[in-house]
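Below is one structure, written out as structure tokens; comments come after it.
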Amino acid sequence: MTALTLSTAGAATLRADALVVGVAKGVKGPVLAPGSEAVDKAFDGKLAAVLATLGATGAEGELTKLPAASGLKAPVVVAVGLGPVPDKEDAYDAEALRRAAGTAARALTGSKKAGFALPAASVEDAAAVAEGALLGAYAFTAYQGGENKLAPKDAKSKGNGPKLPLAEVALLGAKPRDKAYKAAVERSLALVEEINRARDLVNTPPNDLYPESFAAVATAAGKEHGVKVQVLDEKALVKGGFGGILGVGQGASRGPRLVKLAYTHPKAEKTLALVGKGITYDSGGISLKPAGHNETMKCDMAGAAAVFAAVVTAARLGLKVNVTGWLALAENMPSGNATRPGDVLRMYSGKTVEVLNTDAEGRLVLADALTRASEEKPDAIVDVATLTGAMVLALGNRTFGVMANDDAFRTSLHEIAEEVGEPSWPMPLPADLRKGMDSPTADIANMGERMGGGLVAGLFLKEFVGEGIAWAHLDIAGPAFHEGAPYGYTPKGGTGSAVRTLVRLAERTAAGDLG
């Protein structure tokens, strides 16, 4: 992963491949952001005018490269847009800083070192720039650049491999010896490392990432970071009566798993349970998805990846809260052994579910995990899942839905998500939609009314949450996997959606700010 340093050098004297400065969109043209003073001085105070001549406006996402002035050690200056000049002087939005830093880091792929002279006068600004740059520098290259066995044996394979991400981010303008700055940057580094691990998991092809191999990754990470890991294999799931997880996974040749991760702090007063949907490949099962809808279904375990990353991050940060993660892992495949539409499953809770559509499988594995998590009486449960296409239709590709059995908890999660830069929107759980899941055969069906499908799924999950436990459901079907061109710090492919929200929730819980 990209290295991060708090540089003691100034922008003018830093030896790097490039210097990054921020430019805001002013009424009369581009306006240089704080942090760019030394670079502007090297241009005799005319950097903004030069950028305007080159067509730069300071709009968000805009990037302009130009040769550095003679007074700078770095050969290139990268000016990145921050959007409109803030109403309050120097009060740049943290998300604007993240996105700008990410845009610059992506543009500097292949470089060894870049100095980031973006606004970093406050601890919060420095952390935002660090996060954005590290997230933007991410690249998934595990399956690229291998040996070409068709090439002549004496040929040298130059330039065949992928360009490596920016190797080092040197943060300028921060205070390297200040404990608060150092702590904030160390937090950013730990957080981004785990977000990128979640991205790697989402991007890994399903022939290599399946329930057993995912469980192995979790086990190894647990040993490294002091997280207890328990893996229930197929035999243990049968013995325990986990009918939902087993029912979804029974059509696959590779069996399902339920993984429990437990981080505990000796002085913790609260326990937070996180539950993640981990369908490592979703074909739809017997209710097979149509052509054109299968290619990205390796991402259907993004909820489990987010939960895994959040628990490990909490452990790495030493948060004073107990955090338990439950990864409900299965492949949803058609076969002679697969669950059929019309089958009835007996869930871990004891309830029976009539399966009307085997492509509504995520709620089945989550239901078992929610019941199991509820048995431990946590103070709150949050589940995360790429659950419904209906949520994507409602909110688009960049916003996740937040549902809950407690309005205050739903509001808190929405506000936390917005605070950390993850767009979200509170969604209702209308009681009148519950009747659509009535079954003449079982206690409940796994499908209901077509309209409001995302809300129906939330109502289904609510049935499996223990009494008196605050619960929220994050449907990340839209933002979990980005199929378009990269933007800001968001890459193509797995995004690590919801990790930042879950970690901030754990921090708030540890601080006693929630409940």
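For all residues, glycine too, the Cβ spot is worked out from N, Cα and C.
Asp282 is the residue from Asp282, Asp443, Asp475 that Swiss-Prot records in the Mn(2+) 1 site together with Asp359, Glu361. Of the residues Asp300, Asp368, Swiss-Prot puts just one in the Mn(2+) 2 site with Lys277, Asp282, Glu361: Asp300. For the recorded positions Lys289, Asp359, Arg363, a Cα-Cα cutoff of 10 angstroms around Lys277 (Mn(2+) 2 binding site) retains Arg363.
Taking the recorded positions Lys277, Lys289, Arg363 in turn and counting surrounding C-beta atoms within 10 angstroms, the largest count is reached at Lys277. For Lys289 (active site), the recorded positions whose C-alpha atoms fall inside a 10 Å radius of its own C-alpha are Asp282, Asp359, out of Asp282, Asp300, Asp359, Glu361, Arg363. Within 10 Å of the Cβ of Asp300 (Mn(2+) 2 binding site) there are 28 other Cβ atoms, across all protein chains. Cβ atoms within 8 Å of the centroid of the Cβ atoms of Asp282, Asp359, Glu361 (the Mn(2+) 1 site) belong to the same-chain residues Val248, Ile279, Ser283, Gly284, Gly285, Ser287, Lys289, Asp300, Asn332, Thr358, Ala360, Gly362, site residues excluded.
Under the three-state DSSP scheme, Glu361 (Mn(2+) 2 binding site) falls in the coil class.
Neighbour count (other Cβ atoms within 10 Å of the Cβ, all protein chains): 19 for Asp359 (Mn(2+) 1 binding site).
Long-range C-beta contacts of Asp282 (Mn(2+) 2 binding site), restricted to its own chain and to partners at least six residues apart, with a cutoff below 8 Å, comprise Lys289, Met297, Asp300, Glu331, Asn332, Asp359, Glu361, Gly362.
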